[in-house]
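For reference, Swiss-Prot has these:
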COMPBIAS  723-736  compositional bias 'Polar residues'
COMPBIAS  737-750  compositional bias 'Low complexity'
COMPBIAS  786-798  compositional bias 'Polar residues'
REGION    1-85  region 'Involved in transcriptional activation'
REGION    541-808  region 'Involved in transcriptional activation'
REGION    702-808  region 'Disordered'
REPEAT    118-160  repeat 'ARM 1'
REPEAT    165-209  repeat 'ARM 2'
REPEAT    369-408  repeat 'ARM 3'
Amino acid sequence: MDLDPNLVINHDDTNLSEISYTMEQDSSSYSLEMGGTPSSAGHRKVDMWQNHNFDSGFQTMNHSEAPSIISSLHPSSHLSGMSSMAEYEPIPNLSEQQKQKFDGITKNPTDGQYNTVRAIPELTMLMKDQDNEVVQKAVMIMQNIAKMECDAMRRQNETKIVDPCVIFTLRNLLRDKVDHPNIIRFTLGTLFNICNRQEGIDLVTRAISEQPDIIPNLIRHIGTFANSIYKYAILTMHSILSDKQRGGQSVTIARQQDAIIHVTPWLEAEKSEKLLPVIVDLIRVLCEKNTDQKVKFVKMGGPQKLLHILQQRGYENLLWRSTQLLKTFSNFDAPCLVAFGGRQILAGMLSHGSPRLVLSTLETLRNISDVPSKMKEELLLKSLLELVNSRNAVIRLYSAQTMSNLVANNRPNKEYMCSNNGVVNLCRALAIATKDWQNFQDKEAQQMEDYAESLICTLRHLCVGHPLAEKVQAYVFREPSIFLHKLMTMRPVLLKHTLNLLLKVVSQNALLAPFLLCRIGEIGFVEQLIHILRVACTQLNVQDVIEGVRVKDIVHLCIQILRLITRNPDILNEVDFFLRSPENSRMGDGHTLPIFVLQKANVEENTKSSTLELIYNLMHHEKMADHLERDEILCKMLHSVQMQAANHPELANLAANILKLMSEKRERNRIHYGRHGSFESQFGHLSVAAQRTEVLNSHGETYEGAGEQWSQPMSDDSMMESYCNSSGRDSSKTYNSPMYHSPPSMYPEYPNGPPSGPYYDPHAFTSTRPTPPHYANYDSPPVYNNIPSNQGPSSHLSDQYPYRQGRF
């Protein structure tokens, strides 16, 4: 390929302000849909260039003939090139002496054009000439060669600029020709075009390893406004630093030279919406995984400048890159972003038509949503309520997680959610997620589990801390089988949040009826709660944490719920039935679950306090009271706790109350037995506690640890088998949850998925399980349909819950 020496670029300073820089989208069709690309002025002399046999591409940017390859080389920048409004004129006549210096460049005898292969060494020498006009022409021709080589349609098979001496010479020009802006501009343009191909990047980075001062000279010109030199310097710097293979050394040098201090001011000063994305991405590269650079950026007001860009600009690519950079600082200095109104500004981005912009915005919002703020956030909450049912799984997940953080410990946000159908939307979303759960596998199932977890957590926050809390609890528990299903999945994180929500719900007497009546198959809440408690107890001495959830927390929540629900006589009967079942009454040395919990030294004091309150409630059941009274270990522990009143007054008081109940019961029995003979004559055939222990020991069985030695049915009931592997706790590992690969079901006779039948059976069961009380007329309490802005059950299909094969 040959060059026409009769053309030169004559840049007019009045047109330099119109130079634009194109940041290509991921796909051309997406750019057309968004319609956000700022218009650029037309080229006035395209027709003239079409009549010449060479087009450098620098001025016309004729993409239809010469598509850029920078997108494939630097996917992070997607920079297609530079355009200019420069005029093209014949080269001004050089003096004869100046022309003679170019006579040494070899020409082809056929067409009289310069031969690029042989011209490069000559041009390299001419760029060292003392005559600045000669240097300018030489570097201009070198720039045209570099532009031709980065053009896939114009370059020859063999790369021509391969000599590091070319880079060193360009470096010298950047250092020595500071007073000649045209030379500097052509030099930077040459470097930029060389960096537009991978071979050129390798050449430049090798030169930098030999002469590191190339980077400082580039940084020096970032602050040069004349002839828009700073634009060329920023583009060239970005091309070098964004190379993923060899850019690391250059990034280190740039950080040492405080490049970020020179680049950051242009976020505010630059007007071009196409150069700003390059500046933002350059800052991202400099700040990536470097705390010092982030601190400098924050001190210079960088986050505020980015938020200002989001408010004032409309170019989608610029907005997306700005949110990507803000996402980095959301994990570094979240309070700073919130203090400058970051949540309110980012909320405006959620209605944008770009999915990647919405997703990036949501991720940033999620990272700063846990920061307390007194600012109004109605717009943000409204947008999140719309996105929580999005078809995009990641968008709805981030929306739910952000919403959960916003309503936690924030009364105004809770009241807004309750008065704007927030509870209704969340319950509907949870019902849909529960219905669709069994249709997903692996990664999709993991996302669905995280989504359900966030919804339950949000509902739990809405159940307390505001005047409408009781009404919300009643509305949330209209379909109790959803939460029973979550308990039956035995997923640690879901268990924790579901148990927390149930702890709020069962505080209402009106909600104990659906709690008792709800069934999936034959499994009810009480049986499942006791099963979870038993499985957790077996792991107290084995492992403290399972997938981020403390086993102690599961034990404490189960005890708390059992303590609250046993105030109901019907539920107390059911609790007694399951606690005295063989698998639950032979924990450790043959004790029931509450006594086993009291024995564990690693259980916290608040858990022991709740356990004593549960035992106190159980003492009001005749059969369970007999069972507890015969346990000598329990009596010894109660006396021991009572004697430690100075250190644990609350526990001592509870122990004293239980011992008082036991004493009163013995007194009643003594009076009763006195009428009909001695206790031994009436019940002499029964074994007392000591005899029972001797019988157990006579079989040679030992009861140590957490009951894991029981052959039936405890031997196969380890935590890791019963608690399925929860989702997303270690993103570095492949998600392979046993829940989604058909593990042995906890209850083989019942399906794992949501049932198709009604959620409770008004008729008596034929099994040996306790029969729930029959309610002749069971209606929802009036508060169910009294949520603000909820006009009660709607007859319109779109306002009802999704259709199911019957209720759970």
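Backbone N, Cα and C define each Cβ position, glycine as well.
In the repeat 'ARM 2' (165-209), the DSSP tally of helix, strand and coil residues is 38 helix, 0 strand, 7 coil. Packing against the repeat 'ARM 2' (165-209) from elsewhere in the chain are residues 11, 58, 68-70, 73, 81-82, 120, 124, 127-128, 132, 135-136, 139-140, 142-143, 146-147, 149-150, 159, 215, 217-218, 220-221, 224, 226-229, 232-233, 235-236, 239-240, 243, 245-247, 249-250, 253: each is 6 or more residues past its ends and has a CB under 8 Å from a CB in it. Counted with DSSP, the repeat 'ARM 3' (369-408) comes out as 25 helix, 0 strand, 15 coil. The average pLDDT the prediction assigns to the repeat 'ARM 2' (165-209) is 92. For the repeat 'ARM 1' (118-160), the DSSP counts in helix, strand and coil order read 27 helix, 0 strand, 16 coil.
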